[in-house]
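Record features (TrEMBL):
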type: DOMAIN; residues: 11-432; note: domain 'Amino acid permease/ SLC12A'
type: DOMAIN; residues: 478-595; note: domain 'SLC12A transporter C-terminal'
type: TRANSMEM; residues: 12-30; note: transmembrane segment
type: TRANSMEM; residues: 36-59; note: transmembrane segment
type: TRANSMEM; residues: 80-105; note: transmembrane segment
type: TRANSMEM; residues: 125-149; note: transmembrane segment
type: TRANSMEM; residues: 161-178; note: transmembrane segment
type: TRANSMEM; residues: 198-220; note: transmembrane segment
type: TRANSMEM; residues: 232-251; note: transmembrane segment
type: TRANSMEM; residues: 271-296; note: transmembrane segment
type: TRANSMEM; residues: 326-344; note: transmembrane segment
type: TRANSMEM; residues: 408-426; note: transmembrane segment
Amino acid sequence: MEKRFNSFNGVFLPTFLTIIGVIYFLRLGWVVGNAGLLGAISIIVLAHIITVATALSMASISTNMKVKGGGAYYMISRSLGLEIGGSIGIPLYLSQAISVSLYVIGFIESIKQIFPSFFEKSMKISLGFINTDLNTLILSLIITILIGAISIIGADLAIKAQYFIFGILILALINIIISGNYNNDIVLVGNFSESKNYFQTFAIFFPAVTGILAGVSMSGDLKNPKKDIPKGTFWAIGITFVIYLFQTFWFSKNISVDASMDKLILVRNGITKFPIIVILGIWAATLSSALGSIIAAPRTMQALARDGVLPNILGKGSGKNDEPKIATVITFFIALFFILMGKLDIVAPVITMFFLNTYGAVNLVSGLEVIVGNPSFRPTFKTPWYISLIGALGSYMVMFLINKTATIVSIVIILIIYFYLSNKNFKTTWGDLRTGIWAAIARFSLLKIRFDTDVEINIKEKNWKPNILVFSGTPNQRQRLVYLADVLSKGKGIIILLTYIIGEIENKIKTKKIVMENMKKYIQENNILAFPEVIIAKSMREASTYAVQANGLGSIKSNTVLLGVTEHKEHYKDYVGFLIDMINIDRNIILLKYDEEREFGNKKQIDIWWGGLENNGRLMLTIAHIFSLNDEWKNVNITLKSIITNKETQESKKEKLEHMLEYLGMKAKVEMIHINGKKVKDIIHENSKNADLVIMGLANPIFGLEEDYINRIYELTETLPTTLLVKGVNLIEK
């Protein structure tokens, strides 16, 4: 597609002509009459604070990326993702389409004031939302079809027409400047006699300055968007700001408050030297603004459709210039619908809400890009983050001040669109700012606690959470470990699924990438709250020990390792040696001995065998409590069992354990079982054979006795249901 427009004809002209439009000629005097000189100036300044901040933000974003078709939507979607971009882009498109009706209504309103009899004698039409007359309806159709036809023929014709319109507007402005006596007493503060309040007046005025997006919407047709968008937009804003301020002063010095309530005061005889030029200016302004909007809106729709946000057929282009003719026809009918409503003051606030929302999003994108500080954000035009956030805050605050109900409705609509688009699972080829935002928050949080000794202690004690490194291997081969990790993730800790590859790094890189992708896919498909990790090392012991030590950032490290009881007895030395390593580096240990036949049973009964070691006990109780937080285990009964050798101490020991449970806030039953000369393993089997999960403590392993240690584990768990063997090293407090 040929890039044929520059900063003047592609950005400045459409922006200038949209800003000096229907509000300038038909409502500015009314604003001054209601608000007074200072009130009107403050409205203009407040509106420009938002639009200037937005223009600065827009310049920053546009000079950082190659802006294609879609303008503001393109910038937002490429920064915040298609879901957020689409939820903003659809209302933006509607606001641009409805703007066409705003300007056509303004044009017809001026015709009515000049030729009232033509409309008064016309047949009245009142049908549902339509409340107009036949001549108005016919004229609306003619004007809308005319500008629609020009747009369909192509943007080239529209731009050429804008040169002619620009000339008429300049003549109209000169005519106003040289007219008037400048001898009225200035009313500094008005009483808002025809408007409810300040912000209602602001809502009527604000569409005047929404033209800043007119040039941006032509981004796909510009020769150099990075240069043309900022240059053309700033010149247009600066010049029109001066024009609005002068015109406000002109009204205050030349038109009385009562006369200014006449929305067509500028075309009355005696007000300006050449009223016909003002009339032509009004017609030129309204029609050029309508033309600019009907060119911009279809291009936004086209971009939305090509991204898959809207049906693909709406994104189809025609001819060598890729003109969005189908989107233009849709825009035509939307504009016609609002034109038939026939009230300029009804349509203007609706457009205000939609545009303010878009401005807020553009400012938010720019501000967050600076705050997050992604190295890829390198705009040639730099806007301070606080300017952008002032623009964003101003946009959303003004929305609420104008109309709280309409603001809430617009937010609800945006959220509905967002959740709908979120379910479409878009696949994009570009990254977006959201990942950077979360990364920045994570970085800030980690740096906040990096040297805080108290925080480090609290993570170990009062605020302890199970940050678990799971030796899952290939997850679909050890689903029981993955399931257990998923259950334990309800403790709000961090779960990492680890697999290791034995070999040399240079020979296993491709394998690592494949394994990592498979793990990510498994985690996503099974909706598991975990992170995948793949380690290459020369041995299992080396891989495991390195992975545990290097895992985590700052105080947020894995405090617990979860693995299965080894099924390869010949590897017992490495296995037990690894357990010793974990104890030496202060890691809790959870070993899973899985009952393949019963699995996790009915998930109704957990037996905890209390051996007297406090760290083991606290960890076992915490694990049982986390299980009870899961929906599948919500009806579980927890029983704390302890073997005693002396019946005389039974009650005191039971009472002590019950007090401990009460202090910890845990609901569990306590059972004391006398040894009666039996073996411990037989007592445990006899009393827990019907449990769904058994939790026991691990003794400290000793170098040189690795085989005895592993045999003890096999012997103890051989006939038991699914069992967790726990070694607590980290302290856990209530």
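Every residue gets a Cβ built from N, Cα and C, even glycine.
Since this is a predicted model, take the numbers as computed values, not measurements.
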To the transmembrane segment (326-344), which of 36-59, 161-178, 271-296, 408-426 is linked by the most Cβ pairs under 8 Å? 271-296
So, do the transmembrane segment (12-30) and the transmembrane segment (271-296) meet, by the test of 3 or more Cβ pairs under 8 Å (sequence gap 6 or more)? yes
By DSSP, what is the split of the domain 'SLC12A transporter C-terminal' (478-595) into helix, strand and coil residues? 61 helix, 28 strand, 29 coil
Proximity verdict for the transmembrane segment (232-251) and the transmembrane segment (271-296), three or more C-beta pairs under 8 Å: no
Hey, does the transmembrane segment (36-59) touch the transmembrane segment (408-426), meaning at least 3 C-beta pairs closer than 8 angstroms, sequence gap 6 or more? no
Recorded stretch, among 36-59, 161-178, 271-296, maximising Cβ pairs under 8 Å relative to the transmembrane segment (80-105): 271-296
